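Visitor: In case it's useful when we look at the structure, here is the feature table from TrEMBL:
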| type | residues | note |
| --- | --- | --- |
| DISULFID | CYS120-CYS129 | disulfide bond |
| DISULFID | CYS136-CYS146 | disulfide bond |
| DISULFID | CYS157-CYS166 | disulfide bond |
| DOMAIN | 91-130 | domain 'EGF-like' |
| DOMAIN | 132-167 | domain 'EGF-like' |
Amino acid sequence: IFFFVVNHPPKFRTPSIRYVLLGEDLPLQIQATDPDNRPINYSLASTNAQGYTFTSGGLLNYTMTSSESKTFTVVATDECGAKDTMTITLKVLACPCQNEGVCYPHPYHPRGSGQYYCTCQVGFNGSLCENNIDDCHSAECGNGSCVDGVNNYTCRCYVGYKGAFCDEKVFDCTNDTCFPGVNCTETPGGVSCGPCPVGLSGDGKTCLG
């Protein structure tokens with residue numbers, strides 16, 4: 001009596017298309033399952049890439065150095081010689097982060113899935129770093145208006161005020177400080193008004209008849 005045991009070939013589980021950023025070092029674990037639970041050996045049949053490493057355990061390491069897609073034809077062989085062949089294509093993704101945000105592989109998704117998260121530069125937030133944080137929200141421009149910048153703000157002072165926070169009153173001879181016709185002199189501490197016109201009395205700022 002002869003018994004024949006049918007050996008089934010392995011089947012790949014890794015998706016045939018994987019994604020990578022330009023310049024990203026991608027460790028990609030290629031996986032296959034064997035219906036008969038036999039050990040699997042992985043080998044690389046062909047590729048148009050250079051500078052990669054590949055192990056018999058199915059671990060591919062490759063750094064994407066150009067925008068051209070790369071293909072890796074992998075063979076999974078069980079201990080009885082049954083095989084499955086698959087071509088994996090690596091496609092380049094553009095980092096979606098805005099305002100010079102930096103893309104990082106998402107820790108909750110497998111490498112090559114195309115899932116990334118953004119780390120924003122100072123002054124920006126949002127999932128894609130698309131928002132310029134409103135620094136005017138906490139600004140103190142008491143006698144002026146606030147102009148928002150990137151991680152800063154500028155106070156635009158109203159007429160008659162100066163300083164980084166528009167909290168310094170301007171005393172100069174352009175503000176009609178002295179009574180009309182009275183000589184005005186600017187001093188380090190403010191302004192000095194001359195004597196009132198003939199026939200009037202006062203301090204030069206206020207002159208009464």
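Glycine residues also receive a Cβ, built from the backbone N, Cα and C atoms like all the rest.
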Visitor: Out of CYS136, CYS146, CYS157, CYS166, the disulfide-bonded residues in the record, which is closest to CYS129 (disulfide bond) when you go by Cα distance?
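Guide: That would be CYS136, nearest by Cα distance.
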Visitor: Counting Cβ atoms within 10 Å across all protein chains shown, which of the disulfide-bonded residues CYS136, CYS146 comes out on top?
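Guide: Selected residue: CYS146.
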Visitor: Test of understanding: give the count of other CB atoms lying within 10 angstroms of the CB of CYS120 (disulfide bond).
Guide: 20
Visitor: Using a Cβ cut-off under 8 Å and a sequence separation of 6 or more, which residues in the same chain sit near CYS166 (disulfide bond)?
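Guide: Expected: CYS141, GLY142, ASN143, GLY144, CYS155, ARG156, CYS157, TYR158.
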Visitor: To the nearest whole angstrom, what is the C-alpha distance linking CYS120 (disulfide bond) and CYS136 (disulfide bond)?
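Guide: Here the two Cα atoms are 19 Å apart.
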Visitor: Determine, from DSSP, whether CYS136 (disulfide bond) sits in helix, strand or coil.
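Guide: Reduced to three states, the DSSP call for CYS136 (disulfide bond) is helix.
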